[in-house]
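Per TrEMBL, these features apply:
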COMPBIAS  321-334  compositional bias 'Polar residues'
REGION    314-342  region 'Disordered'
TRANSMEM  21-51  transmembrane segment
TRANSMEM  71-91  transmembrane segment
TRANSMEM  103-121  transmembrane segment
TRANSMEM  136-164  transmembrane segment
TRANSMEM  238-260  transmembrane segment
TRANSMEM  266-286  transmembrane segment
TRANSMEM  440-462  transmembrane segment
TRANSMEM  474-493  transmembrane segment
TRANSMEM  505-531  transmembrane segment
């Protein structure tokens, strides 16, 4: 087990939360709830104390009926439907896990919370784990802080890629990003009476490496059949995704054309473009992640096959066969025969006590919790196969097996991805990385950059746009400045925690998150208030002529 004190990524949360990462989610939720009345008070005081001293260069309109042109309701419906489809389709959750409610209840019990409160919260948590309810909550989170969804997607992509690299080192050449994502989602379970399942990708990788080494590398998963089962469970509505992309892309293009022609644009349209910008990143990062999977794939014995050799290995094997008259390796056919013998109940006998122990089946080893508070698994007792020679072997010259026998030599240990938040049950905390410091830092930098650009998207087009009064104008500017600076500052914390993890830094990060939430809510209020008085040009349609497109004269 690696000493996490030496890993600088995520040190701040590990120090103040220990292994109770649910508290961080709880604190964010409390901060979000607290930001509502604070934002309402600030907004009400600013509006009541404002003064109207702006002169408008163009006529202003309150409400424009449709449906012949760009009416008020038409404008609102198009933007709101685009935002809804973006945040709805972009949500790629993990496989539901009812056991998380029990774990969360144990966390509350450790804080001496009264039993009736624990029971109530457990029921609420079980309800929240319902896929529909969980999707709604994730959508609300996506509406309030779309930049953080980009962070989650970036970390999940990095974790899946590292899982793919690990499986490739285990000679699983057909393993794909989709399967790596699915393992991280907790999508695999064993075919046993307990329905033991892997809560994260690290548990699956550790288990598979044990199986793979037990078979001395002559083992691979039937990837094609697993993909078919995942596709059958993945409720990806291609039509809905395509419609979302077309609708979002069209609105984005129309808005750009209006800016190019200096036609006024509403604040809601600008905000919608910001959501489209964030959704593009999440779509890209989750491109290979299975969508809306509700059940796990059972790893039955039929999904395990003898490993097929790569062309390079086949060439090396043929050369070895020409120079050696005695068989020294187990062929794939021999491995299949051994598997058939095991199915018939043939007893296993160890011929060479120096050889590593092999399992009769990769499914038979049971996985069980190490203790009541840990979600990590271990192997139980293995049974063994009768075997004399193995594929990864070399001659023994100084005693041991007989003249024609070989001794097993395992490959060097493969580095497992590191889980920087042990026993975490929520994304992105339950992901693991080969180089956690690099993965975490790059994801935070990317999120800070995306968050800053979202603020720029809000500020730049409307910085000098006249609102209903100067107070509203300065509130919009202040909210946009917060939108630009807070994500960058929070990302900067990922640098600072490498050298300092004191209390002031932790509470400063929480305070910045609170300020971000307040600014976000004020921004929403100003968007709706803007419909009280919009420039008349906002309701002017774009004149789509050939002059808008490059063409030959």
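Glycine is no exception: its Cβ is also placed from the backbone N, Cα and C atoms.
Note that TrEMBL annotation is computational and uncurated.
Of the recorded ranges 21-51, 71-91, 136-164, 266-286, 505-531, the transmembrane segment (440-462) has the largest number of C-beta contacts under 8 angstroms with 136-164. Counting Cβ pairs under 8 Å to the transmembrane segment (266-286), the top-ranked stretch among 21-51, 136-164, 238-260 is 136-164. Against the transmembrane segment (21-51), stretch 505-531 has more CB pairs under 8 A than any other of 71-91, 136-164, 238-260, 505-531. For the transmembrane segment (71-91), the partner stretch with the most Cβ pairs below 8 Å, chosen from 136-164, 238-260, 505-531, is 238-260.
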